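Visitor: Just dropping this structure here.
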Amino acid sequence: MQPENQPNQPKTIRKLIVEVVDAKDLLPKDGLGGSSPYVVVDFDGQKKRTSTVPRNLNPIWNESLEFIVSDPKTMEYEELEIEVFNDKKMSHGNARKNHFLGRVKFYGSQFPKRGDQGLIYFPLEKKSVFSWIRGEIGLRIFYYDELVDEQESRNEGAPQPEAVVEAKKSPVVVVEEGRVMEVPVPTEVAMEGEQFPPVVIIEESPPAATVHMEHIHQHLDPEVAPPPQMPPEMHHYPPEVRKMQTGRFECNDRVRVLRKPNGDYSPKIITGRFGSESEKFPSAHDLVEPMQYLFIRIVKAHGLAQTESPYVKIRTSCHFVRSRPASYRPGEPATNPEWNQVFALQHNKPESTSSILEIAVWDGSSERFIGGVCFDPSDAPVRDPPDSPLAPQWYRLEGGDDQNPGGVSGDIQLAVWIGTQADDAFPESWSSDAPYVAHTRSKVYQSPKLWYLRVTVIEAQDLHIAPNLPPLTAPEVRVKVQLGFQSSRTRRGSMNHHSSTFYWHEDLVFVAGEPLEDSLILLVEDRTVKEPVLLGHVVIPLASIEQRVDERHVAAKWVGLEGGTGGSYSGRMHLRMCLEGGYHVLDEAAHVCSDFRPTAKQLWKPAVGILELGILGARGLLPMKSKGQGKGSTDAYCVAKYGKKWVRTRTVTDTFDPRWNEQYTWQVYDPSTVLTIGVFDNWHMFADVPEDKPDCRIGKLRIRISTLESNKVYTNSYPLLVLLRTGPKKMGEIELAVRFVCPSLLPDTCTIYGQPLLPKMHYLRPLGVAQQEALRGAATKMVALWLGRAEPPLGSEVVRYMLDAESHTWSMRKSKANWFRIVAVLAWAVGLAKWFDEIRRWKNPVTTVLVHILYLVLVWFPDLIVPTGFLYMFLIGVWYYRFRPKIPAGMDIRLSQAETVDPDELDEEFDTIPSSRPPEVIRIRYDRLRTLAARVQTVLGDFATQGERVQALVSWRDPRATKLFIGVCLMITVILYAVPPKMVAVALGFYFLRHPMFRDPMPPASLNFFRRLPSLSDRSM
């Protein structure tokens, strides 16, 4: 509380602006073929409405509604609801209520800042399944922060209803870095008769390996005052999932950990007891095993003797590390150095009873001991994640001054505690003093925000073409467009002979990444002669190009050309440029994509669930580098990628059984996505290794989110497989715990399966297959360059392997695998044909008789055919429920045809482009490819022949065959007119299922007739 005599301090208030522009093609609801619409906007307990537009199905409002954001920290979880109604007062007494015309819902995560907003048309949604809604509404939504006086902010907040204010003050909120937990206390205020359950929110941006606790409003003691609405073992969903309560998590079953791989390639269930049944709050690391660490935070010192670059040595019975050289604040004396460094040393309770922690300060230039402090690790306090960070304290250094043995050497400020990997200091802590220890830490990365840049080259005027062209030679003018490492060239321009104007009307698409600091370069070239001549160029900054999120028209503009042969003015170009925010920029293969959201944040749908991944460890890894004296070692780390978020565990050095026990979370916007996990051997942690030395692959696996049951913990061990030139090789096993937190039958979750997979612009203005593949390669390269500039960098070889950048390359093995996949898909049809053939041959007379009876029933009651088919599919689904997969599948070595692959085919798959093999090998492979192509050619020719024979039935290419065919058609017509159709169907069915004793072994006459029909193959050269 501030005293009253103090002046009011300025306060930052966030305001949300909703501009209701217009609506289109609304539904008439007044009974006279029209509507009088108005809009109601509800946000954070504040409800406002627009004016009513009378008798208009395409109303225009252009009204701006302003809302106060009560808490900017939780704005992204607030819901904005916009509803359109028909005003009954203007319906001339024909309407008894304000009819609903549609609604749109948003969440705070979709709100852009002021300056980034744009006019977007959203389709109106139904309120229920039986609603009849149509049309769309144009909105412009954004927020901004402004400074106001305390008194003014009080006045702005005054009009809020008292009940709403009371409801906002009631909950107790505990915010962790990575989680937000809201615990409602008992209150008499109810919102629409419902009481929402507590909420656990896992954000995507911060690293999930750290947990920061921040108490807001008040502290709640779970032992004294547990909230009656929230059982301790119950987990909940974020507001994006409509605050629906989930079931219990099945994560407390005891199972046995397999210590060694058994040699097979199938995933296995492992065990472990993760989490505690007595926990009152959900733990941020309930999927992994807690690991004890001794944390030492060295802050600063003062009163030291005159030294140069002092540093700190930390020694225990099994660890020895040293800090970096000290730094000094401006104006501070040389006797007050600072380090601000945290160390995390593996802590083993049996060893800590006889161990001593020694912290000593040394002079960096003379290696002189200045002073030190000793601790007993067993006396260090234990810090659990709800606790605040331990405050550092001053300790007197002892035994440092040789000239004055009894004197004081100074003081050092430090803190020592015992914690786990959930400690907020763990990700930035040092566990080694190696020169490149930064390359061993766990990190969270974010992919850059990518846009599609569409450049439409329309025309160019006033170009200075060389006059000395040969007779009857038209100039070949092309436009070359460059953006960074991407380059594309238009086709030859068509020329207007009455003026020096060239036309192209051609679209070129590039990938642009934020921050939009690059420039677009357009070069106009005359390629009539052998050496191209530059006619002019123009440089356009990307930041000046307009952004759009839908299919609205973007105005074209003229730009002047420079640097040509005509002096300062070299002509001008007519261009249309825009940054497409309605597309999803693919950087992964479409079948293993982890995100389908468009670039524009305004178009994002709310999340449907949370994906939690616990990376436990690996077993039985093979040695990846030699250590000396014939010994090998492996320094493994794990990388997981989902959506825009990449996570990298710390590197566990020199072990074949690393234990990471790190847990991470992602928001899931579409369950039909894939989580990719890879394991690599770290080479960049050594000082004497070249920078271009890549980290070696150990293995990779993918988990499709839609195959995970809701709220179930899968704790499995997966084989790590790598395809080498010698064949597939098992490099070890990785142990994971995965949980998909999502309501099973949430309406929004079920609706996702009926929505398009990609954003709307992919269907309105689709990109070509070859163009999309080229853009994907550019996007992959941009992501690799961006992550390579992080600290520690994520290598290009890691990014390309995780994104499966080489998935489009030719491989005989992949071709065989795809062929056998097709055969497996068609296996049910082959089995059905074999079964039906056995019925025709009366292999089992009883079954054949039953089929005859069923056929009679269906023919006599044809209304039962469709229901019987769907009932049969239902029964098949229920039957196969017994054989459903119990655990998510990993990499399938048989499906990939890696077991039986020929070594030469593998060598061809790993060959570079262009090939680096001898001409003889290339000739053999080319001949083999020609043989395979000849078979495909024959199959395609046979398909074409059958289709041409069908056409020949009435084309009179064979007059006798056509006469016979039309004659038979006339006869069948007379018979069907004269005989009841049920009798005809019964006769045909019984004839088809007749006993073999009445069957001729030769082909039927109808098949012989069809095979004699002519095709166009005899006219092919």
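Using N, Cα and C of the backbone, Cβ positions are placed for all residues, glycine too.
What you see is a predicted model, and the numbers here were worked out from it, not measured in a lab.
The feature domain 'C2' is assigned by TrEMBL to 1-121, 275-395, 431-559, 592-718. For 856-881, 964-993, the entry in TrEMBL reads transmembrane segment.
Quick one: where do these features end up spatially?
Guide: DSSP places the residues of the domain 'C2' (275-395) in helix, strand and coil in these numbers: 7 helix, 45 strand, 69 coil.
The average pLDDT computed for the domain 'C2' (431-559) is 87.
Long-range contacts of the transmembrane segment (856-881) within the same chain: residues 982, 985-986, 989, each at least 6 residues beyond the stretch ends and with a Cβ under 8 Å from a Cβ of the stretch.
For the transmembrane segment (964-993), the residues of the chain that approach it from at least six positions outside its boundaries are 839-840, 848, 851-852, 855-856, 859-860, 953-954, 1009, judged by C-beta separation under 8 angstroms.
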Visitor: Between the stretches 1-121, 431-559, 592-718, which one has more Cβ pairs under 8 Å with the domain 'C2' (275-395) than any other?
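Guide: Comparing 1-121, 431-559, 592-718 against the domain 'C2' (275-395), the winner is 592-718.
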Visitor: Which residue counts does DSSP give the domain 'C2' (1-121) for helix, strand and coil?
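Guide: Computed counts for the domain 'C2' (1-121) are 12 helix, 54 strand, 55 coil.
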